[in-house]
Amino acid sequence: MSFGRDMELEHFDERDKAQRYSRGSRVNGLPSPTHSAHCSFYRTRTLQTLSSEKKAKKVRFYRNGDRYFKGIVYAISPDRFRSFEALLADLTRTLSDNVNLPQGVRTIYTIDGLKKISSLDQLVEGESYVCGSIEPFKKLEYTKNVNPNWSVNVKTTSASRAVSSLATAKGSPSEVRENKDFIRPKLVTIIRSGVKPRKAVRILLNKKTAHSFEQVLTDITDAIKLDSGVVKRLYTLDGKQVMCLQDFFGDDDIFIACGPEKFRYQDDFLLDESECRVVKSTSYTKIASSSRRSTTKSPGPSRRSKSPASTSSVNGTPGSQLSTPRSGKSPSPSPTSPGSLRKQRSSQHGGSSTSLASTKVCSSMDENDGPGEEVSEEGFQIPATITERYKVGRTIGDGNFAVVKECVERSTAREYALKIIKKSKCRGKEHMIQNEVSILRRVKHPNIVLLIEEMDVPTELYLVMELVKGGDLFDAITSTNKYTERDASGMLYNLASAIKYLHSLNIVHRDIKPENLLVYEHQDGSKSLKLGDFGLATIVDGPLYTVCGTPTYVAPEIIAETGYGLKVDIWAAGVITYILLCGFPPFRGSGDDQEVLFDQILMGQVDFPSPYWDNVSDSAKELITMMLLVDVDQRFSAVQVLEHPWVNDDGLPENEHQLSVAGKIKKHFNTGPKPNSTAAGVSVIATTALDKERQVFRRRRNQDVRSRYKAQPAPPELNSESEDYSPSSSETVRSPNSPF
């Protein structure tokens, strides 16, 4: 994958070339992640053909490996889904949650798993398909899947209940259904089995929520979210297995939920102090006696579970949810999502069924321990949940607060990077790491480095990250002999696409620079850029005042401290575009004195000196000017950048000149040789939010700095996202409250 001297960057010309010749040809929708050229569909067609193309195809989608999901019907039409990627994104919002497809929908299989669907044209009217992430296809009889009843008005036959049975119950379902006099309103606590501290949920059982034993187990599965799958067995604190619905309404109020694993932890049936605090508020009669037990009966051998068993800390504040979701999915599920259906019903306490999943008491970031753990050379005890799924190799990166290791998924042989953050080095700054990870959970885009999976244990935080092995943006330019405006345009297209996506989520990156733009090579040989390092990223819900970023790329409103928002990323992208076309930045300081640099940025005077810009098109210069406007309201947005002719190919010159920028980039920037093409990607992954704290850039207070901006009162205090930092001329920085 290394960049040879003969490598050409034509692969960055990824937009639809056909649109230069027929403006209406882009009917196949959004570009693919690599933005490869699409064929034009603009041909002479009959009205009958056009009508058939627009007709919606009704197909049913199932979740890979989910035997309890009945599927969801989609109407597929060109008007609703302009591309296959748009369908995948919509399916992710509908079908993905913390337990099911937590990494989103990335693959669609035929119902028999023999073929992968790669385009909308391959979907057949009336057929069924299976949605998966990166795991292999799991062969099940998906068309026979059944769900428990969510409405008290729906009758269920004993035959259908027998099919969906999750455990062997005493007596037939018909007997249980006929006699439900034992059901009375009762609040029970379900504790997930595994190492402590453990997650606990509180559930209300009554005639509206407890229709059958199978349905209660399914709702407990949704609430407790075992990593090992559905809840297979429930035990009382005495070690007695719950066999039927009536067992919930006995003397026991606390139950241990177990998955399909064969072995139990020896102390599964002992409650520690934190767990006792959670259940104490309901005055359970068995708590005191259970906490005094020295030994308990275990339904299985006293061995550590060989299956993954993530646990969560239990907090003593009943009724509060303390964790953020591990999955970066939309907080508001699609109306067709099973999860959203359950939430809608849970709010209807009057006459409809109530979901048990809505009665969660508390949760925390999952923690893991167990057998099969590996001890690395640095002394990290890698959890079994990680080692069972991934083969962890040697250390490939070492930062101030994180270590990066080779990581290969066992089932697919895909290479990832395992980022291990030592919590002892982050004491007092944990919220900074949590902010970075919470942003990574939310984002999923072809031009952004992905967080694949995370695991939180008491001493470390483990993040499985996408490993981009093609070097950074400067590596791509300096290692090629042929480089034109079209290549630079393609690179900006990738960057602007990522920025547009982030800004649609009200996320500002605040540290966009060439070192954080990595080159990803796709299987078809095409390449695209991926944006990484979200250490300074944050949610924008009002003006921000923290002075942070990298001086060369920092926007004037950040320096002026008048409050800033999303468009600081556009300024940084404009600076990068300028560098891509001439090899040096538009604003340059003198030596270590950053006063000159900051004054130039505040002035915002962009020049295109000769002879460096003589062969660059006027369209490119116009775009850069609009991206580097000091007036934020007049500055382009990410959408406007993508719509500009120079980016969408209409404004590119017919006779392109080769740009000689490699030498100037090496002169103006630190682009020394790297040990390999993977080094840049590893360096980005090894960086954490805490690393931004280690450099300081300051400036003398200039009372005239704010004169060109609208007067705004300074905030009484910085918001919580701004731990204050700073740098040297090319390093990422934050500054104190009064940095100048």
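Quick reminder: no glycine exception, Cβ is built from N, Cα and C everywhere.
Per Swiss-Prot, phosphoserine is recorded for S32 (among others).
The domain 'Doublecortin 1' annotation in Swiss-Prot covers 57-143, and the record cites sequence analysis as its basis. In the predicted model, residues of the domain 'Doublecortin 1' (57-143) average a pLDDT of 87.
Per Swiss-Prot, phosphoserine is recorded for S305 (among others).
Residues or ranges marked as phosphoserine in Swiss-Prot: S307 (among others).
According to Swiss-Prot, the feature phosphoserine maps to S332 (among others).
If you look up Swiss-Prot, you'll see S334 (among others) marked as phosphoserine.
If you look up Swiss-Prot, you'll see S337 (among others) marked as phosphoserine, on the strength of similarity to another entry.
Feature annotation from Swiss-Prot assigns phosphoserine to S347 (among others); the stated evidence is similarity to another entry.
Residues annotated as phosphoserine in Swiss-Prot: S352 (among others).
Among the features that Swiss-Prot reports, phosphoserine is placed at S353 (among others), with the record citing similarity to another entry.
The phosphoserine feature in Swiss-Prot is assigned to S355 (among others); the stated evidence is similarity to another entry.
The annotation phosphoserine is assigned in Swiss-Prot to S364 (among others).
The compositional bias 'Acidic residues' annotation in Swiss-Prot covers 366-377.
What Swiss-Prot lists as active site, proton acceptor is D511. A simple way to gauge crowding: the CB of D511 (active site, proton acceptor) has 27 other CB atoms within 10 angstroms, across all the protein chains here.
According to Swiss-Prot, the feature phosphoserine maps to S735 (among others), an assignment based on similarity to another entry.
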Residues in the domain 'Doublecortin 1' (57-143) grouped by DSSP into helix, strand and remaining coil: 17 helix, 23 strand, 47 coil
